[in-house]
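Notes to accompany the following structure.
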Protein chains: 4
Amino acid sequence: MCGIVGVFGHRPVSQVIYDSLSMLQHRGQDAAGIATSFLNRFYLHKGNGLVTEVFDVASMAKLLGDMGIGHVRYPTAGCGSVAEAQPFYVNSPHGIVFAHNGNLTNVDEIIETVFEKDLRHLNTTSDSEVMLNVFAHALGKRDAIRPTPEDVFAAVEDTHSLCKGGYAVVAMISTVGIVAFRDLHGIRPLVYGQRTIHGRTDYMVASESVALQVDGFELVRDLEPGECLFIDIHGKLHTYKTKLPHTNAPCLFEFVYLARPDSVLDGASVYQCRINMGDKLADKILREWPDVKIDAVVPIPSTSRTSAIEIANRLGIPYREGFVRNRYVGRTFIMPGNEQRKASIRRKLNPIPQEFKDKNVLLVDDSIVRGNTIKEIIAMTRELGAKNVYVCSASPMVIYPNVYGIDMPSRAELVASGKTLDELAEEIGADKVIFQDLEDLKQSVTECAPHLTEFEGSVFDGHYITGDVTEEYLRALEKQRNDATKINEDVTSHITRNLAAHL
Amino acid sequence: MCGIVGVFGHRPVSQVIYDSLSMLQHRGQDAAGIATSFLNRFYLHKGNGLVTEVFDVASMAKLLGDMGIGHVRYPTAGCGSVAEAQPFYVNSPHGIVFAHNGNLTNVDEIIETVFEKDLRHLNTTSDSEVMLNVFAHALGKRDAIRPTPEDVFAAVEDTHSLCKGGYAVVAMISTVGIVAFRDLHGIRPLVYGQRTIHGRTDYMVASESVALQVDGFELVRDLEPGECLFIDIHGKLHTYKTKLPHTNAPCLFEFVYLARPDSVLDGASVYQCRINMGDKLADKILREWPDVKIDAVVPIPSTSRTSAIEIANRLGIPYREGFVRNRYVGRTFIMPGNEQRKASIRRKLNPIPQEFKDKNVLLVDDSIVRGNTIKEIIAMTRELGAKNVYVCSASPMVIYPNVYGIDMPSRAELVASGKTLDELAEEIGADKVIFQDLEDLKQSVTECAPHLTEFEGSVFDGHYITGDVTEEYLRALEKQRNDATKINEDVTSHITRNLAAHL
Amino acid sequence: MCGIVGVFGHRPVSQVIYDSLSMLQHRGQDAAGIATSFLNRFYLHKGNGLVTEVFDVASMAKLLGDMGIGHVRYPTAGCGSVAEAQPFYVNSPHGIVFAHNGNLTNVDEIIETVFEKDLRHLNTTSDSEVMLNVFAHALGKRDAIRPTPEDVFAAVEDTHSLCKGGYAVVAMISTVGIVAFRDLHGIRPLVYGQRTIHGRTDYMVASESVALQVDGFELVRDLEPGECLFIDIHGKLHTYKTKLPHTNAPCLFEFVYLARPDSVLDGASVYQCRINMGDKLADKILREWPDVKIDAVVPIPSTSRTSAIEIANRLGIPYREGFVRNRYVGRTFIMPGNEQRKASIRRKLNPIPQEFKDKNVLLVDDSIVRGNTIKEIIAMTRELGAKNVYVCSASPMVIYPNVYGIDMPSRAELVASGKTLDELAEEIGADKVIFQDLEDLKQSVTECAPHLTEFEGSVFDGHYITGDVTEEYLRALEKQRNDATKINEDVTSHITRNLAAHL
Amino acid sequence: MCGIVGVFGHRPVSQVIYDSLSMLQHRGQDAAGIATSFLNRFYLHKGNGLVTEVFDVASMAKLLGDMGIGHVRYPTAGCGSVAEAQPFYVNSPHGIVFAHNGNLTNVDEIIETVFEKDLRHLNTTSDSEVMLNVFAHALGKRDAIRPTPEDVFAAVEDTHSLCKGGYAVVAMISTVGIVAFRDLHGIRPLVYGQRTIHGRTDYMVASESVALQVDGFELVRDLEPGECLFIDIHGKLHTYKTKLPHTNAPCLFEFVYLARPDSVLDGASVYQCRINMGDKLADKILREWPDVKIDAVVPIPSTSRTSAIEIANRLGIPYREGFVRNRYVGRTFIMPGNEQRKASIRRKLNPIPQEFKDKNVLLVDDSIVRGNTIKEIIAMTRELGAKNVYVCSASPMVIYPNVYGIDMPSRAELVASGKTLDELAEEIGADKVIFQDLEDLKQSVTECAPHLTEFEGSVFDGHYITGDVTEEYLRALEKQRNDATKINEDVTSHITRNLAAHL
């Protein structure tokens, strides 16, 4: 998961992009980057860390120009290489900087069939660098000294033809303009907004609507699946709807966990969707656990709070914030004297003892993936004297890996995979567990956005909308990930040995 | 407000201090520092920024030793100079490093009567540096080559005699041990805990109990007013109760706002105190506003959530998190193109529109100080179509300045000062406002800790427990602050002109 | 002027490149960069400053691989943009990193005719980036998945066809090998050497032979004009002699000033050349100034020492180091209180008073360009009571600009331009001046390397060997430089205003 | 060896101090620091590295005030701890910052007798910190709220009484003034100068006269042994001549090697002294080696050049710079692939082969200490085919350790110690060696400064002028140094293990 933004203004845009990236920081805290364009030059600054750590007065002052793009990166797969932050740059053709959120499912194939032919070099393992080169190659084939909207749209259409997966892209072409597009199934989110100052209209595209508001942009709408937005160098907006087969199937997990509650995605208020999830889950609890006695509804901070409040309301049981999140967890320095440190999750959450002592508690989480967190939390509540610990999840069981840019591990690591409810409850130490039904989850969203009829929910039901993800694919992927990890480790170990020689 | 910690272990303590400071980070995000002691040397690292920003592998590796102290600093008054982070060091006598939380009310007097005589130089405007020198001078007068517990306690007692105000101190004397003490009224909090590993007991003193748990220390108890704790170089704990007049009057504002909910201070669970505040405030609302129709109880994040949940429960009205806090607010670079940026508070909080549209909302805040935040928030809710906006504060009206280490401005800046409830409501744009009664606030705490009979609540009632804060004092203080500001500005302007010459 | 190096080893090369760059540091102290290649990835680190400032343990540890290239940059024209250090990278075709020393005379033409067609973007004003793209384009046209030596040589030959000027280039193609070539007139120097360890041969190409020795490489020979050297990925050396018209005309100024005395360039020991210059200049002095009484021969440090010693020997007059060079001149901070600082040259050189008092001194310089230095030095010697001050230059009068990579200003700034000897003496304050004859200078070199028959000495005689430098060209160049300066200033002023807003 | 400077101006002094430190950089490249004083605050910035590396615009801008002191530190003993750069600060009494050059011979005694009594803590192993505390203690005993010149002088006199050794000190007392003093034997150099601007006189004290000139100060004179200079806060200069027994015995090694040639120390031009050394050594060569055939006189760069030129003149043999010094030697990163690197000295000096091939050369060095350099250089010349290699040293045999601040190892490491000339020649590989006579060396200086009758030349003759250095002392010192090294290594190894755990 990553966050992207692109801005065309009639005034310097570096601060606006910086602000927007701050609002998208929840989508990636690992690295950040901004590229702007002034005359025929790009100005690029990127680095590892939070937006506030990467940018300072000096670096901001150098980001000249009235158009630019930005990116925040999540530490793991889905945004590619740890080696380099985005945006990426290629100088042929025209000069293009490029940032993306998502993941391709056919990278190997693309590299084989296209790159061998096009002789392009990739210096990272990032999908973004692959996509950038596919797009650059497609645009180059147009052989236009000054690309028109048609050239840009044709290149995007070529890119769609070649690239399978879930992705949202923003790119900037030197002296040409800003391009943004979304995959053919609308899996990864992308919205755009505008503001008018002194009669001139500025545009912003961004991963989520919250990025718009901070500097006065108003949400126009989401990009449609496969749609391309192009703002030319004169500030004129062009849009193009794909002629390729497409469907509208946004990622369910954005509503469950990824997006901020104050965002509106594909017409649905994420906050309201989560309230609805609480409603429906409460109904199921009432239905299926008629005799279960619950004293308090306790959210696992922070995402599940919205649903948990509504569950408590619906069940008529007190809502209690039994855990306090520690915002400032520091790192662990491997030094003598650390033997007594607690498990990582216990450094992140502190319980309020009296909310658990002799109580029957219903813990609410947005989802259960690897299960480590919930297991440790349940253990904590037991130690504090909880009588019964029930667990409910605002989303269904996660039992399949994600291949569209969310870091969900192989099936072996998904705690719910291959287990019955009872087996799972035992595994995590709960007295009982209950999960949202998939249909209810979908309805939680469609109640807010009735035009949505399809979703990307493969982690719940194994249905991969791009059609190219087979059992063989998943097995190969797993093996390949291991191999890639090994090569990365090899390089890292080279570097480490070099450093170690100095001690 | 600041956070302090001191640790005596039988193993390297740098990571433990680092962890504790992370847990106290809410008490100060401006600067951080750690000093450790190994053989007869101190190792000190400090800097501006969050704990995670100030310390890295290299700086941590150099913090050798089995005892040490740490500090996090709040950006404004109450922890002293912006010039330098704590701990401070003096080499005479013995070598002492020193960190403190709080504020002295008689600094000028001390400087005049003591420093002239003792010829000590102060290189900052920090109260900490003053106290350190008072303590150092007192210890030096003992003329002990190797100070005994009696020497240390006598020096602390001298320090108490001279220093008026609210303070909690932790200091380390080279090859002697760790000293901690709390002011004669117990205004600023200080607790200690211990853990036993392989039969040997480690000790930690800290501003709040949350700092203890992270590495397995268990709360023993709070230090009493004027009490001194001394852990000698052999790890033996000595305590001393002051012979000077003292009372137990902890700062009410710690319970209202400063402390973490998961802390236990002076025997009272901060979380439970805030629940109690909600209870009592709800009762008052029921009592005084019997006919007011409220559709939703909405907390102003984050502190007021605990009270707000209980208010909603008690009133039987839905609790709604109508505001989403933006954790990652970036800074404003003063550059062209920024004209459209929103007011600062609107960058920090995003409303959920549907929770306000056509609704009667009760906004809950922990306290109302300057009023800027609440005013802007009310304006936001109005823009979103709220029908009626009611405001309640979990603490009474703040109408007097704080002189014990909390950054509360002069009376002129306190929005409630000199206003009736109606005037205040009008000023901030609310339809109605209601405040906790002071007695109810006190009772919210004493219900958790019945042994407490007195409190430092001067910001509410103007009663300053140290007895030396008169109307004249307050007026002089105000003037002096202005003068100090001017000198600081003078120095800053020198520096700025120097830098500017390079552009 | 810049320094370049390329190494193919059978072991990690980062330290070797670092060492070589240290030995070439005199060719550029402004920026430094190294790129290495491991498997199919490049590892690149570059920055502003000396080699020792740019590289540290961490950055060196990441420069993995057994082949790589390096660059040191001179602060002004001749190595291009101040915006970015070399090597430069393009990813199409194959992935190429590239570093160069020199200057093109037909950049505008290249940009117009080639880049419009090839749609490549340039993000700096560096000739290196232009050449890299010309080479990349030429290599791409070969459309070879794995380029053979023939492909590489053809691309180099294309590059020669298009690029006029003086240049020495080293480039690395991912998974293909290292390429090095020298312009068709051999203006800029480029040598190569080898070492054999455990039966396997490593190769190094570098701007000067001193770079070879530091890690045990032995000089094989200079590259010939237009010659290309290619070391393929298996470590096999291939060479190609150009079919294009070419001449061997090395830059005379390398022997006069640029190169280190301990280098051997085009078969000539630079040290010996400078001894010869001293010999011939002494002869001329004896011939033309038979009656001039000289008490001491004093070099202007550092380059002229070698010639000056020989002049003193030949004239039978004591050699005296009357000036001490200050190695550690710091920068000037524009702050109050600096009014009394001396002229910059007086900060760099300290005179020994007794060597000038009442003496007739012969100052020896390698060349006289702008004249500011010598003027200030003469003034200094006058102040110290010198009786007569005579000046001799080991090279002829510099009266034409340089267009092949040496920072020699427009004619208006060359102090000797358009002046007689007497006028020049008056202008700089000398009693008499004398210059080496151009033929003598050439002979100083050919005595060491008899095969050399031609030289690039345009700054002395206005004969530009590339044939494309006309009076119109020089005038246009001057104008263009001014324009470029203005655009740069415009960008800088944007940035400065942004920064200034924060003070 | 270190360099110190102190400036009292009537305008901001940070740039002046910075400039002076640049001119003293040859006395220490390891660390640098500046402290200034504005109103009653000190502003201090120090760090490891060259002056240009330690200070930048931001740090310079903060160094406010019209008086200040500065320091550059040599990497080894003689300036104390590697842990922290100077100046040092103590806050009692008055606030004092302090910097020094030299070494005490009775540190242990001082620590025992004084510090136990005064309870002062030392956080480094630096002699400077010891002296600072001795001085501070002495000044504190005066118990003066505002110390008069008499108070300052009395404290300095006390310091002299207690501290044995060679030292030059500059200190600044907050709101009082600048103090400078020199040891009772005048071992370490200290000069002062002045400049007058707009009728007001600024003062500078510095280790060498070259530091004065850079910003227009003129040398007044050297401080006398035991003399103290005090410039009070109003800019008035006070001087005090010690009543304690004293002699004038400047360190001979300053003239041989340490000082810059363009400095004038104790009235003697260092340049002229070195010319004289060449003269006298040439005479000895003529006398003692009447039949030795020498083709060229070759200096070992850089210090010996001055003497070597004169030797060549006197002998009537050509002077040849057969070695080129590499100014930019980089560091060695311990990484794979470095097996072929040359010995360190060969990285620093490059020979000119033709100056050695089949020649009889006389190598000139200023002194021979450990012998490693000369041994390696002789080997180099042999490899290049030198016929005979003769070596002469401008100073006598170094056979005793230095205890006054010059890093001369224990006798075991001094190559000449206990050897005859023939044994030494054999040891270093020379055909013949010859050394300056001690009397000639002294006369080389006294010819320039006839008032000098005594010198500190213990490294040559074992006569330690402070009278407290016995054979037992030297043996104890050697042992102690080893012990100190072990403790340092212990601490370093702790740190290293901490760091290593992260790889």
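Any Cβ shown, glycine's included, is placed from N, Cα and C.
C:THR303 is the only one of C:THR303, C:THR306, C:THR420 that TrEMBL places in the Mg(2+) site (with C:ASP365, C:ASP366). The two recorded residues, C:CYS2 (active site, nucleophile) and C:THR303 (Mg(2+) binding site), show a Cα separation of 18 Å.
In the predicted structure, the domain 'Glutamine amidotransferase type-2' (C:2-234) carries a mean pLDDT of 93. Secondary structure at C:ASP366 (Mg(2+) binding site), as computed by DSSP, is coil. Sequence-distant neighbours of C:ASP366 (Mg(2+) binding site) (same chain, 6+ residues apart, CB-CB distance under 8 A): C:VAL256, C:TYR257, C:ARG274, C:ILE300, C:THR303, C:SER304, C:SER307, C:SER393, C:ALA394, C:SER395. Compute the center of the Cβ atoms of C:THR303, C:ASP365, C:ASP366, which mark the site for Mg(2+); besides them, the chain residues with Cβ within 8 Å of that center are C:VAL256, C:TYR257, C:PRO299, C:ILE300, C:SER304, C:SER307, C:VAL364, C:SER367, C:SER393, C:ALA394, C:SER395. All chains included, 22 other C-beta atoms sit within 10 angstroms of the C-beta of C:THR303 (Mg(2+) binding site). The Cβ of C:ASP365 (Mg(2+) binding site) has C:PRO299, C:ILE300, C:SER304, C:THR373, C:ILE374, C:VAL391, C:CYS392, C:SER393, C:ALA394 as same-chain neighbours under 8 Å, each 6 or more residues away in sequence. Around C:CYS2 (active site, nucleophile), a 10 Å sphere centred on its CB holds 26 further CB atoms from the protein chains shown. Under DSSP, C:CYS2 (active site, nucleophile) is assigned to a strand (E or B) in the three-state scheme.
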